[in-house]
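Notes follow once the structure below has been shown.
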Amino acid sequence: MANNSVMMKKKLEGKVAIVTGGASGIGEATARLFVKYGARAVVIADIQSELGRSVAESIGKERCSFVQCDVADEEQVKSMIEWTATTYGGLDVMFSNAGVLNSAAQTVKDLDLPLFDKVMRVNTRGAAVCVKQAARKMVELGRGGSIICNAGSSAVRGAHGVTDYVMSKHAVIGLVRSASMQLGAHSIRVNSVSPMAVATPLTRNQGISTPDDVQKFLMPFISLKGVPPTAEQVAEAAAFLGSDEAAFVTGHDLPVDGGVLCMPFLLGSA
């Protein structure tokens, strides 16, 4: 039993990974878990410089670094990926996780287009930039790799609000499916994780800041009872997709949502 535990903890042994949006929430949980599972190096890429450096230092500077990076700026992403590959001798896993969510209702009739552009810039353009540049580096290195995007449960259905966010996440699924087909010849796998909302800095804009908020507003729509959603659960899914355990998995969206897709989800009408 002990041997199995040790093996599981080393599922990412020797791998070099990048986690965008890694300074908080799901990204932070993933960076910590990747190191726990034996990753040789994890680079946190985020615009939150002070917080990102603090997280990297708490994980350990010998295994974790921080690079300030705006994921929608292609030159910054390209530079960050080049620095990672040069510093650590490769790139095995890219987790495109950075995202934003407006506090406005953003219904179709009242869609604020400047806010819409902000969401699409980070969630859709940012994901495309990260996938593109990671793919280029992985093809150049010639040893395959795993690219993971954070799509979300909003990526496969509509909603009564946050139209811009829903649209941005639908686009991520299209990106994952297309990239998986195009990059398979290079032994590069492309998948996504789709969490239900957990209490992270992102969800605060929608009034979900604590586990109690999750319990009140979201759990009624989840079929699995007694298991509150956490960032660590999503991190485990990302670790699986980044590891050799998922060696024959590509083009897949892995829901981490407690069965929310099995039930009506009418946000705002409860």
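Backbone N, Cα and C atoms are what each Cβ position is placed from, and that goes for glycine too.
Pulled from Swiss-Prot:
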BINDING   21-27, 46-48, 70-71, Asn97, 165-169, 198-202  NAD(+) binding site
Nonlocal residues around Met167 (NAD(+) binding site), in sequence order (Cβ under 8 Å, 6 or more apart): Met120, Thr124
Cβ neighbour count (within 10 Å, all chains shown) around Gln48 (NAD(+) binding site): 17
